[in-house]
Amino acid sequence: MNALLSNPFKEGLRKGDTQIGLWLSSTTSYMAEIAATSGYDWLLIDGEHAPNTVQDLYHQLQAIAPYASQPVIRPIEGSKALIKQVLDIGAQTLLIPMVDTAEQARQVVSATRYPPLGQRGVGASVARAARWGRIDNYMAQANESLCLLVQVESKVALENLDAILEVEGIDGVFIGPADLSASLGYPDNAGHPEVQRIIESCIYRIRAAGKAAGFLAVDPAMAQKCLAWGANFVAVGVDTMLYTEALDSRLAMFKSVQSVSTAKRSY
């Protein structure tokens, strides 16, 4: 099978395109497919905070596959064994949470590449990613088409940002606003002026280093700020939050209810 692996999301980052995404936390392939028909450039399937199993991730990749939206998987952690499974089910773009040091970044790079570039385990004959052994020269193509994003979301990571940006094999750095603001002493307050200043500075440093800069902003005004600061892959909502907002707003049309605010500004 002479198929060529391509990764439109990675190609867009290389060109500097602005790509707008949506966070998927509902854990269902049905909701993933609905989102894929909306036209977002990328869809983040969350395995860190949403209760997704590897098989759940697999089914959502299948649901998104017929559409133009590009899937990004965030596993619960950056362990070598888990990364191997997630890549084998067909993920081409990974977002690895809680990367605090350059050494962690190097370990993740190694886990995502086949030898001699890394230590990814070989099992193409049983992998959806290789069409069960039918893609010629799969290992080399996989190394080339893989897109690796890491999350910087702590004070320690901020201190090590420049070193992380120097790690070869990292395509982009994503600022995790919720954990970052908590680490800086402003829990649930990513809109604090000091946090905003740091986010803007980080985006500038990431782009200056030749990497893509990413962000999740559930507040449209914050999303626009990040785009203006230079972030080029930005998620502008979370499916479960949009669903609860819609439910609450519709109920409020007919009943006087007390519910959570529909204008939550942080993840």
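Glycine is no exception: its Cβ is also placed from the backbone N, Cα and C atoms.
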From the candidates Gln151, Gln196, give the one listed by Swiss-Prot for the same substrate site as Ala178, Asp179.
Gln151
How far is it from Asp179 (substrate binding site) to Glu153 (Mg(2+) binding site), counting Cα to Cα, in Å?
5
Fill in the CA-CA distance, Gln151 (substrate binding site) to Arg74 (site 'Transition state stabilizer'), as an integer in Å.
10
Maximum Cα-Cα separation (Å), residues Gln151, Ala178, Asp179 listed as binding substrate:
12
Within 8 Å of the Cβ centroid of Gln151, Ala178, Asp179, the other same-chain residues by Cβ around the recorded substrate site are Pro97, Met98, Glu153, Ser154, Ile175, Gly176, Pro177, Leu180
